[in-house]
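Residues or ranges marked as compositional bias 'Basic and acidic residues' in TrEMBL: 244-254. TrEMBL lists 257-269 with the feature compositional bias 'Acidic residues'. Per TrEMBL, domain 'Calcineurin-like phosphoesterase' is recorded for 5-235. What TrEMBL lists as domain 'Lariat debranching enzyme C-terminal' is 278-329. TrEMBL lists 244-276 with the feature region 'Disordered'.
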Amino acid sequence: MSPKLRIAVQGCAHGELGQIYESLNRFSRGQLPDLLIILGDFQSLRSDEDLNSISVPKKYAKLGDFPAYFRGEKEVPLPTIFIGGNHECMQYLMELPFGGYVAKNIYYMGFSGAIVVQGIRISGLSGIFKRHDFYRSRPSMSQIEADGWQTHVKSLYHVRESDMIPLFMQSRIDVMLSHDWPVGAARAGNLKLLLSKKPFFRQDVENGKLGNPFSWQLLKLQFPAWWLSAHLHVYYKATISDNKRSRDDNHANPDEISLDLDDEPEDSVPSEKCEPPRRTNFLALDKCGKGRRHMEIIEVEMDLKHPTYNSDRIDIYIDPEFVSSVRYLQSNPPNRGLGDLDVVKLLQNRPPMSNVDWSVFATKPMNGQSAEEQTRQLGSLYKVNKDVNV
């Protein structure tokens, strides 16, 4: 069996970065894991000027710990990756639409993104699902500057269809990150216990509205080994397998995506070789705070033969397959909504992956580059570029 990558997973951060690193040191008894993942509400506020670009009640608006890490006054003790939530410094994150380093050793995954670490494919989706904004374009910085942050700040973090389509085109996801839950996750675990802790979830669970319906479809397509979420400020675990149907699936779902999931009727003749069921461990974590289950350490098997494996250090690579999908979609925008999209056909039409030069996709550690410089570099990678072979 291959060695495993030890990953610390943190729920909502709410700007308490120093407390998270201190908690991690205690939680791991001084033996820090290889990587830290933060599942949103990171709040990368650099100065008071950023406060008007975050959606929080005024009494909770504060800079938090991030400025000290941003300025290099405090050291980040281990590689840290985060996705966005619904309480973020959108000024900074809008400057990094493809993702990038917000501080030394702290990497943001963008509105959606995929990276490879030690051969492990980690994909992420920032924000939360709101149906009324899902098919709309995200406002541009010029629109925001014209209208003011208060006009758009509550919609910028809403998940867009364009964020999700490249995730459906991934051939494999090992670890998936999302701020809000896939809509069927609550029913897959101990729902009675969940509702005893959060009784006000009941109506949304019964109406199939507790979370993102498209994330649920993505889970059922990919079955990553782990799906990690936060947002609801509760610790919750579930195991989701393709050999049993969730109760959510007993009802027609208007958001069902056209996917070939190899579902067979119960009385069908089994194949000669039965494949083991695919299984996803769903883990949701609480927000940072005393007495809250906001952190857990998971282990994921590394691929020692993968070009991204390095026995001496942890390197973060942008997933070339995700880049290829984004490029393809830019040149060939779908003429159907995600609910009617034939993902299999998209994959067939996307140029095949071959002869990947992984050095091109290695993230560049932050050494004084501005967000603008990082975005310019990543923009050249995501756009059609003859110099990059994927």
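Every residue number used here counts from 1 along the chain in the order it is shown.
Each residue, glycine too, has its Cβ placed from N, Cα and C.
Per-residue pLDDT, averaged across the domain 'Lariat debranching enzyme C-terminal' (278-329), gives 96. In the domain 'Lariat debranching enzyme C-terminal' (278-329), the DSSP tally of helix, strand and coil residues is 10 helix, 15 strand, 27 coil.
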